[in-house]
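Colleague: Below: one structure in structure tokens.
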């Protein structure tokens, strides 16, 4: 009995003199003064949207205190506390309240991160994870005044409710900073902030070099961001008072999960979560082109918009850093040292020489040197041990001292110049001309694909897995020697195929965009013609629009987002009429595709009732022009769950896109502005070809191929009016 009494007494003493940190209760959104977070413990916002805990980034072995999306199946980090000071063991590290601050202790119980506020210590201080993803430290549960909040210390993600701000009193910025690479959240080289002296926000490289701006605020939008008018999802607000200026936003529909991220690419991106695809959908990004990001490829690196990797080292240089993690900031290092100053004839073999790069976008503001010839310009560079390159043309002689930054290779567009890169003589093979041209990266639009065509060889008999087919042939699944999966399009119609072949090779071959299927190469051997594209594992768009299985039906918001990406659709009349093809032919195709986005069915389908073909654009155009029920055009599977104004906008621009006269069709730039709500679109006219279809909808020939005598619909004696016949003038758009 005495032993038991003594045990209780000793336990009571231990409890009094050695206070315990209690573990976080399941589902709690708060860390109190007597609680701590460690190991797999987390706190979750009261609405379940966000969660805070110890997490790894990618394949890294480091751990960080992160706020992540709790209801998104793909782990997505919204904020990182100790981004520059990771820990290795989450079980022996602790996040707790100490002396009025939220503090992270590492494996040795040494503080490595803290909210670092000088307010008096209080036992009532708590840290609460809000429903908006804001981690707030405050003095008591009922306090409305934060001591510290994560929204004031943004990392790379800008959540709704957070501010991009400039404090006029303290002259400090509240800004986004990119991660160093895809697995390292430490501060990268790119930042997004408001300028102190103007009401515009800018993207900066290394905190100094401005490479993109949103333009001035006009009271509604930033001038260079007209997409802000597309506000059915976002409500943007700009505030400017005597204390601060800031930019913030909210989301109308709280069920939509969206965020802005300053990517490691240096681009500010707007992403929306699509549960149907379980991935983040890119809604908007700036700069549009990757190579518009300043010094993206680092020193002595070249950015090439027409190659998959974007970045390559100049000849005689090799990459430095984690290029495989999309961190190109380390640039490239020279593999062979220059023979500085050794320019004598006797030592010609060891003399530095120049490698020629045509079509180069050169660094800004090079020193100009008085020189009467190209030889004198080259000599001026060789005689300066710090000179690394020169350029000579009608603009005179320019030389570059030290590191080369922001180099861009591209097909010749008339604005590029030739750069002569200084290299050690050992970089050049004996007996060969001492200059080189990187043909594969800078050749013209056709030449680059011609080179790619040499690389690809295919055995047609081995192509067994057919992905689909179209008017010009079949598409098969294939594999390159490096195990890359591709889609091979075999052109089967000789007359049409050759025309399509020439067009795709000369235009699509140089187009690079994250939302476009890229042409990898081609093969041309007599009548055998192949086009090699990136493989799309999710299938083509038609499978999501026309498939009857419920799980594959795209909802309306997904369709609206997709319309702003663009794809190829049905053929314009001029493809068959023999008239020269222009960019407006693709506009026509895009218009036809927009109709299918609305209806969720193919434009030309056989009726189940009478077995006759019905042409949806005919009916849709009449409904739009006559002001009929727009919801009657909508995919019945959506059950009218769509925005009527958006339906009208899409249907109207679709009608304008398929006008017979290509001069009455909008440009794709205008189409994008209309879809984004930047400009208003006027009611269209029903195209003459569709009017003829209405007059005799049972047997009209919509298009006739004069070369084959075959029609796209049932045979008829009627003919379609020429797409370039004269017509009355029409006005499509007006400024909103």
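Glycine is treated like the rest: Cβ placed from N, Cα and C.
Features from TrEMBL:
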type	residues	note
SIGNAL	1-27	signal peptide
DOMAIN	340-424	domain 'Apple'
TRANSMEM	437-458	transmembrane segment
DOMAIN	461-736	domain 'Protein kinase'
BINDING	490	ATP binding site
REGION	705-736	region 'Disordered'
COMPBIAS	706-736	compositional bias 'Low complexity'
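Quick one: where do these features end up spatially?
Modeller: Computed over the domain 'Protein kinase' (461-736), the whole-number mean pLDDT of the model equals 65.
Under DSSP, residue 490 (ATP binding site) is assigned to a strand (E or B) in the three-state scheme. Cβ neighbours within 10 Å of residue 490 (ATP binding site), excluding its own Cβ and spanning all shown chains: 20.
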Colleague: Using DSSP, how many residues of the domain 'Apple' (340-424) fall into helix, strand and coil, respectively?
Modeller: 12 helix, 34 strand, 39 coil
